[in-house]
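To keep things clear, I will list the structure first and then write my remarks on it.
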């Protein structure tokens, strides 16, 4: 059973009402003035984020596109149009394919401080001569809050010594908004800034800051630091940004010299040059002997002190006996390209060393003279020794001669005590051991009958082979044997008695 259809007469009034309502709405939209609505007067985003700019219209009439611009006037910057070439960073918020779409909001990604400015949503009307600007929205001010760049510190271009004042400069840029604070510190102690400026002074998309402070250097500043701290709203209460400068790149601590001498083995003297508390460690040390360069050494081994400075020690061994006069030793140091500094040590030579020339390193002539002196000395010593030996031997011989020499005494003892008679021919020889007393020999009596010769033969022991000596014979006694005296009527001829002494020589 089919449902009952409405009567044709009843539908006609309903259709008329719908057409009337439709005509009324269309007339309102078409005849009313088009409005371009930008609800946000200002939008603030951080650099690197995405900004959304809203724009809607109240009517699609007149026919024409919607375009976005930054700024006003002839120099305004074209930002976006749906029907134009694509824009990498700008996209449409609404669905562009939707019929009767009246939302023309856009999104700008990866915002930078350069994107800051006033953006306008503008309605154009299509005409024969082209698109003509019809209506513009009030504009939306886009502000970009950008973090400041890390502070950069710069100091003096040349090194300075302690007790000098040097300037340090801190710079940071690219931040927005303009308000920013900057502080200086040295080793945790705040320093006052001598000058600080934020540029530009007028409104701009980003700003930069420049600040200067003065630092008084000290000897212990090798490990010191100068710090610049920057605080900005974009840091959202986090730690401030810091820039650091190490004073080790700025300071130069000149060395102090100490030179001492101490005796070593033999005639050696060890001269020490102590180079203390210098920085940086670029150093060259030279030894001078009486103003003449003796040795140069580039320091390679250092002793680092707690304050960051360095020490170096150099030794110079001197043979004091090689010098007849005082020696001036100079320790000369060139540090970090600066003029050389030096210190002297005078090595005194004692008086005996001044009078002799034995400690000198011998040259060719000195060596010859030394050899000659040695030979002459040895020869003289031998001659003296021989002379002493000769004198000694002569003295011994004289002493022996005095002790062993005695007078040869010939005497004639009594005939009745010891008598030995040998009857021989007229020329017989009698040998006897003689020890004659002093005095004159008795004269033979004239009444002796025989004329004969009597001898005393004395032989001495052979002397030692090594000595040339005279041997004196000690004659104990001589017995002259004669025949008994015969009385004669007349005197007999005289006879002689001899003592024969034989001496053997070498």
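Any Cβ shown, glycine's included, is placed from N, Cα and C.
The feature domain 'Ig-like V-type' is assigned by Swiss-Prot to 30-145.
Per Swiss-Prot, the feature topological domain 'Extracellular' maps to 30-371.
A 10 Å cutoff on Cβ-Cβ distances gives residue 92 (N-linked glycosylation site) a total of 17 other Cβ atoms nearby, all chains included. A strand conformation is recorded for residue 92 (N-linked glycosylation site) in the three-state DSSP classification. Here Swiss-Prot flags 92 (among others) as N-linked glycosylation site, drawing on sequence analysis.
Annotation source Swiss-Prot lists region 'Disordered' at 136-159 (among others). Mapped onto DSSP classes, the region 'Disordered' (136-159) shows 0 helix, 11 strand, 13 coil.
A sphere of 10 angstroms centred on the C-beta of residue 167 (N-linked glycosylation site) encloses 13 other C-beta atoms. DSSP gives residue 167 (N-linked glycosylation site) a strand state. Taken from Swiss-Prot, the feature N-linked glycosylation site applies to 167 (among others), supported by sequence analysis.
According to Swiss-Prot, the feature N-linked glycosylation site maps to 179 (among others). Around the Cβ of residue 179 (N-linked glycosylation site), the same chain contributes 232, 233, each under 8 angstroms and 6 or more positions distant in sequence. DSSP gives residue 179 (N-linked glycosylation site) a coil state; it is part of no helix or strand.
Sequence-distant neighbours of residue 204 (N-linked glycosylation site) (same chain, six or more apart, CB under 8 Å from its CB) are 176, 178, listed in sequence order. Annotated N-linked glycosylation site per Swiss-Prot: 204 (among others), in sequence order.
As annotated by Swiss-Prot, N-linked glycosylation site applies to 210 (among others), with the evidence given as sequence analysis. Listed in sequence order, 169, 170, 171, 196, 197, 199 are the same-chain residues six or more apart from residue 210 (N-linked glycosylation site) with CB atoms under 8 A from its CB.
A C-beta separation below 8 Å, combined with a sequence spacing of at least six in one chain, links residue 246 (N-linked glycosylation site) to 224, 225. DSSP assigns residue 246 (N-linked glycosylation site) to a strand segment in the three-state reduction. What Swiss-Prot records for 246 (among others) is N-linked glycosylation site, and it gives sequence analysis as the kind of evidence.
Residue 270 (N-linked glycosylation site) is surrounded by 14 other CB atoms, counting those within 10 A of its CB over all protein chains shown. Taken from Swiss-Prot, the feature N-linked glycosylation site covers 270 (among others).
Swiss-Prot lists 311 (among others) with the feature N-linked glycosylation site. Every protein chain considered, the tally of other Cβ atoms within 10 Å of the Cβ of residue 311 (N-linked glycosylation site) stands at 16.
Annotation source Swiss-Prot lists N-linked glycosylation site at 319 (among others), citing sequence analysis.
The N-linked glycosylation site annotation in Swiss-Prot covers 344 (among others) and rests on sequence analysis. Counting only same-chain residues at least 6 apart in sequence, those with a Cβ under 8 Å from the Cβ of residue 344 (N-linked glycosylation site) are 259, 328, 329, 330, 331.
Per Swiss-Prot, the feature region 'Disordered' maps to 344-364 (among others).
Feature annotation from Swiss-Prot assigns N-linked glycosylation site to 365 (among others); the stated evidence is sequence analysis.
Annotation source Swiss-Prot lists N-linked glycosylation site at 368 (among others).
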Spatially closest candidate among 92, 311, 319, the listed glycosylation sites, to residue 167 (N-linked glycosylation site) (Cα to Cα): 311
Cα-Cα distance linking residue 270 (N-linked glycosylation site) and residue 92 (N-linked glycosylation site), given in Å to the nearest integer: 89
Folded-back contacts onto the region 'Disordered' (136-159), same chain, C-beta under 8 angstroms, at least six residues removed: 36-38, 40-47, 51, 53-55, 108, 111-113, 115-123, 166-177, 180, 182, 205-206, 209, 226, 228-230, 232-235, 241-245, 249-252, 336
Distance [Cα-Cα, Å, rounded] between residue 311 (N-linked glycosylation site) and residue 270 (N-linked glycosylation site): 19
Secondary structure at residue 270 (N-linked glycosylation site), reduced by DSSP to three states: strand
